[in-house]
Amino acid sequence: MSWIDIGALDDIPERGARMVRTRAGCVALFRTGATEVFATSNTCAHKGGPLAEGIVHGRKVTCPLHNWVYSLETGEAQGADEGRIATYPVRIEDGRILIDGDAIGKRSAA
Amino acid sequence: MEKLVVIGAGMASGRLLEHLINAAPDRFEVTLFNAEPRGNYNRIMLSPVLSGEKSYAEIVTHDDDWYQAHGVTCRFGERVAHIDRDRKVVVGARGEVPYDKLVIATGSDPFIVPCPGHDLDGVIAYRDLDDTNRMIDQAPGSRAVVIGGGLLGLEAAAGLRLRGMEVTVLHLAGHLMERQLDPAAGYLLRADLERRGITVMTQASTKCIRGDGSVEAVELEDGTLLPADLVVMAVGIRPAVALAKDAGLSVGRAIEVDAQMQTSDPHVFAVGECVEFAGQLFGLVAPLYDQAKVLAATLLGEDAAFAPKQLSTKLKVTGCDLFSAGDFTDAPGREDIVYRDPARGIYKRLVVEDDRLVGAVMYGDTADGNWFFGLIKDGTDVSDMRETLIFGPAYQGGAAADPMAAVAALPADAEICGCNGVCKGRIVEAIEGGATDLGAVRATTKASASCGTCTGLVEQVLAATLGDAFAVPAAQPVCGCTDLSHEDVRRLIKSQELKSQPAVWQELGWRTPNGCHVCRPALNFYLLADWPLEYRDDPQSRFVNERKHANIQKDGTFSVVPRMWGGVTTAAELRAIADAAEKYDVPTVKVTGGQRIDLLGVKGEDLPHIWADLNAAGLVSGHAYSKGLRTVKTCVGTDHCRFGTQDSTGLGIRLEKRLWGSWTPHKVKLAVSGCPRNCAEATCKDVGIVCVDSGFEIGVGGAAGMDVKEVERLAKVATEDEAVEWTVAFVQLYREHARYLDRPYKWLGKVGLDWVKDTLSDAAARTALVARFDLSQTVYQSDPWAELSTRDRARGFAPLADLTLEAAE
């Protein structure tokens, strides 16, 4: 794994999200707690809604366009909706957020 | 003439004398003793005297002239020492009076808790005018403790509070007025009293009253010390029977009488609170008046018999509306019908036994109280009207339409949910597959999961499919995180003074760690509306449009709408808008229905920059995205139009400048038309003002969206100032009471325009609402464009990082 520093933890408000642009597409980073961050694809599997603009609750996010709800842990759509978004390894070190460059690279290669 | 002596000049004996004098003015020579140095006054009205709503003169029933005119010898201020039945004389402090017939009407004495310190100066009862005057004389700002949370204690507490005192009520039971109210109504009453600034402590047992000569504090069993300048004992009354007992009359808990009000001595009678009949005591005025009537007949040699009736109670505290009648304790075979409307603070409970109404408790709306009371007294069979009984007499009679039949008749391919394209067959399938409540149907089919207008229909499909197995829930919970309804949550936020989202989650038992996308925006609104100074708006609990202050479009871009006050703009503003549109490659520029210009297709990261440019030209956010004030649409009015009757443009601009920036349960749109031709289409707005020659007609509750509705008249006012005041007060009332995402017309459908009119027609209430609105505006009326386009805040709109650049290196 090659960890890439993408910003400070405090750049994302608690229960908020930010977006990171990668060559392969946009990745959303969700801060679900004081020291908990998840990374997934920013694009809703339904109609491409920007997930980083959604409301973050528990370890889930609700798409702002049509209220699809995703688990940030598995990327699976919840409830009646069927679909999945990619998830990426991410960790926090000394107040910085690191994302796995290989995982994003794999995606860009695909 | 026969000699009649009456001991006690209270309400019962007063009524007795009236009957006797009317029927046979010359039959008796009457002597009336009274320990109080005055005649009969309406003791029930002491509470309004205490609160200052009435004067003593207004509650006097019989004045000196009345006694004189009817030949009544008054011996007021004189205690009766004893009764000598052998000699048939009453011995007063100033001499004897012989009698042929004697009436004892000594009433009752307040019960004083015999705790240490009960005899200190400043400990009083609440029974007569002297007590009342003692309370009135107390300086405003001093501290009173009222012991006893029954009718009398609460009336005393409310009166003292109105006199400007700090009041604490101590009550031994778990809820107030436990003999008349159930816990739910007791809770509402408590919340109402607390809103008036009265502190209520239940399960509070007094240990002693402390003080050196006069009262200084009340100490409770749990050690709590309450500083006090005055202690009012209102824990109950005891029949005053000492005289009768000394005279050797038969006395149980009170003076025993037969149905003719005769005591154990055929020449001695008794009436009022000092009487015991068939084991029962009497404290309310209605049976006392019945007794007086019976006794008058007995004394006149006529036939009459006293029979106790069912009783009802009302509390005489202005603004606290409660009613209770009959028996409402739980018992086998009894069923409850309960109606709650927490937003309006309404609670009604009926108790039915063997198809008959046996008890009723109502709080907040007691208009139907007497009708229910009649049903209880008459023992009416209510089985035919049981379904609609709780809604009162207005809903009885006439066949109700059966909405279920219509739903049951729909074919399987009939569309129920238009938003998600779900037909009846799919819903029935889901129900048969185990989705037996609304939440489950939503989760499996998405029916009613978007705009929600078909919720009722989906519930009816559930009911038609499941039959009796499905109970339409009394109130829909906010979301899956809680069982509480919006109304419950709003009420609890106020009554429990919950001032943050974590406080709500914790205190109200949310099942999720921090809510969901449904409840968080609602809670955020309720909290900022109820606690504008204490609560801090949480952007993370707002839908993207309100967080980004722009409307998200289906491709993830945003639209930008500058505010144009009253729909009026200038060449310079238009130029700035045109420049911005070109600079940021805005693909679509469109004029909106609300007289604004919409720039569609702006990229999220450009938002702070286009705002800064528009700000520089003097334009601010148009809040076209908010659950808040959107637009005030106007026509040109008297400025240009030959038909205009008032300056509709000016009024529109004034309203918009006053209301902008305020958050509301749903979006709010206004319009002002300069004449009844109504070019601004004011009659389908949330608030629409139509100017006429004689003033301004204010209509509310219009809509032209999912539903189309014409406004209904709220008020007609003469001046522009009044039009602004009424509009602001209406918006604030809506902010304080409506559930989140109810437009004003939906809210009005629930609370009723009449209630809103009643509330707003009180000038003091209007002023208070306007003051609360203005207070909120000191926090929330600020331009988000200016705030968010600063360099620091603008960073939040850009990607956190751009790894495409790194990867390219």
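Every residue gets a Cβ built from N, Cα and C, even glycine.
According to TrEMBL, the protein carries these features:
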DOMAIN    B:3-275  domain 'FAD/NAD(P)-binding'
DOMAIN    B:312-379  domain 'NADH-rubredoxin oxidoreductase C-terminal'
DOMAIN    B:416-463  domain 'BFD-like [2Fe-2S]-binding'
DOMAIN    B:478-527  domain 'BFD-like [2Fe-2S]-binding'
DOMAIN    B:552-617  domain 'Nitrite/Sulfite reductase ferredoxin-like'
DOMAIN    B:627-762  domain 'Nitrite/sulphite reductase 4Fe-4S'
BINDING   B:CYS635, B:CYS641, B:CYS675, B:CYS679  [4Fe-4S] cluster binding site
BINDING   B:CYS679  siroheme binding site
Cβ-centroid neighbours of [4Fe-4S] cluster site B:CYS635, B:CYS641, B:CYS675, B:CYS679, 8 Å, sequence order: B:VAL636, B:GLY637, B:PHE643, B:GLY644, B:SER648, B:SER673, B:GLY674, B:ARG677, B:ASN678, B:ALA680
Most crowded position, judged by CB atoms within 10 A, among B:CYS635, B:CYS641, B:CYS675, B:CYS679 as binding-site residues: B:CYS635
Residue counts (helix, strand, coil, in that order) that DSSP gives for the domain 'Nitrite/sulphite reductase 4Fe-4S' (B:627-762): 53 helix, 36 strand, 47 coil
Averaged pLDDT score, the domain 'Nitrite/sulphite reductase 4Fe-4S' (B:627-762): 94
Structural state census, the domain 'BFD-like [2Fe-2S]-binding' (B:416-463) (DSSP three-state): 26 helix, 4 strand, 18 coil
